[in-house]
Amino acid sequence: MPSSSASFDSASHYTKNTLPYYPNRWAQFRSYIREPASEFLGAMVLIIFGTGVDCQVVLSGNPGVASSSKGEYLSISFGWATATALGVWVAGASGGHINPAVTITMAVFRGFPWRKVPIFIFSQILGAFTGAALVYANYYNAINIFEGGVGVRTVPGTASLFSTYAADYMTSAGCFFSEFLATAVLLIIVLAVNDPKSGPPPAGLVPLVLFITVFAEGACLGMQTAYAMNPARDLGPRLLTYMAGYGREVWNYRHQYWLWVPILGPITGALAGTIVYDALIYTGADSIFNKPNAEARRALAAAQDDRHSSDKVPPGMGMEMV
């Protein structure tokens with residue numbers, strides 16, 4: 001027998017006189033903010049665990065912070081993979097985008113409403129900012145010790161614990177390509193696990209697939225630009241570091257690196273990965289690659305006309321049948 005709370009929750013989805021039914025005013029208000037709030041919380045969880053593992057592994061390397069190191073590079077890959085899986089799980093009510101590159105790609109290729117794109121992206125960035133703020137507050141004293149004094153902040157330095165910066169030897173083109181490639185691969189896998197004709201995982205296991213994917217991205221492709229693959233994952237924490245006293249260098253680093261690598265790189269990579277998957281694999285009608293051309297539309301219209309003609313009852317037939 002279902003519990004009373006479960007029954008009550010189900011009742012809130014019923015309709016009365018074709019209008020949504022809400023048990024109270026808060027439930028009605030929640031219906032308007034539920035999807036943006038889902039993206040906000042998912043992105044916040046992503047950043048809490050992701051930047052949290054960055055801080056723990058790096059800061060613990062200072063003997064003034066910890067007696068021994070609390071992890072290594074593989075720990076960071078594992079932490080970000082866990083962060084992604086849990087973030088997507090938390091954001092399930094909205095589809096688990098938690099990434100502006102994913103949201104834009106879904107709008108372009110999967111019919112996601114463009115009217116929702118701005119509020120989704122804003123919610124993702126705000127969630128990432130909030131998650132970074134919570135982690136910064138948690139590790140504030142450790143950062144002071146690591147930097148050598150209260151209020152001392154360096155870029156990249158400890159700024160790289162929150163947003164992404166490139167290895168010194170990387171060229172500008174190399175930085176862009178690294179993020180482009182990583183995000184293109186990510187989207188190909190995301191699309192495959194959501195394609196009903198491509199052997200998708202059982203319901204509820206998509207976060208596990210994303211865990212494996214992000215772990216592999218970090219372990220195999222993450223060294224050079226810290227595998228942002230998500231504009232909100234970088235921009236939200238970067239805003240936090242600017243406000244926390246790291247200064248304008250977080251924006252001026254490598255001539256606005258923040259814009260063309262962790263923002264434009266993932267967005268263009270996501271679009272490119274989707275073009276590859278849809279052009280070669282995907283057969284769903286929602287992709288622009290599968291929209292019928294003029295010849296196909298004429299053939300479909302003719303087939304519908306023939307079907308409608310065959311359904312008509314010849315004159316006098318109705319009387320004979322009676």
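Indices start at 1 and increase along the chain as displayed.
The backbone N, Cα and C atoms fix where each Cβ goes, and this holds for glycine too.
TrEMBL labels come from automatic prediction, so no person has curated them.
TrEMBL lists 301-311 with the feature compositional bias 'Basic and acidic residues'.
Look at TrEMBL and you will find 301-322 tagged as region 'Disordered'.
For 40-61 (among others), the entry in TrEMBL reads transmembrane segment.
Annotation source TrEMBL lists transmembrane segment at 73-96 (among others).
Residues or ranges marked as transmembrane segment by TrEMBL: 117-137 (among others). Residues 35-37, 39-48, 51-52, 55, 94, 97-100, 103-104, 107, 143, 162, 231-233, 235-237, 239-241, 244 of the same chain lie 6 or more positions beyond the ends of the transmembrane segment (117-137) yet place their CB under 8 Å from a CB of it.
Only residues 6 or more beyond the boundaries of the transmembrane segment (169-193), in the same chain, are considered here, and those with a CB under 8 A from a CB of the stretch are 101-102, 105, 200-201, 206, 209-210, 213-214, 217, 221-222, 224-225, 227-230, 254-255, 257, 260-262, 264-270, 272-274, 276-278, 281-282. The annotation transmembrane segment is assigned in TrEMBL to 169-193 (among others).
Positions annotated as transmembrane segment by TrEMBL: 205-229 (among others).
Residues 99-102, 104-105, 108-109, 163-166, 172, 175-188, 191-192, 195, 198, 225, 228-231, 233-235, 238, 250-251, 287-290 of the same chain lie 6+ residues outside the transmembrane segment (257-281) yet bring a C-beta within less than 8 angstroms of a C-beta in it. Marked as transmembrane segment by TrEMBL: 257-281 (among others).
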Chain residues in Cβ proximity to the transmembrane segment (40-61) (below 8 Å; excluding those fewer than six residues from its ends, i.e. six or more beyond): 68-73, 75-76, 78-80, 82-84, 86-91, 94, 96-98, 123-128, 130-132, 134-135, 138-139, 142-143, 145-146, 158, 160-162, 230, 232-233, 236-237
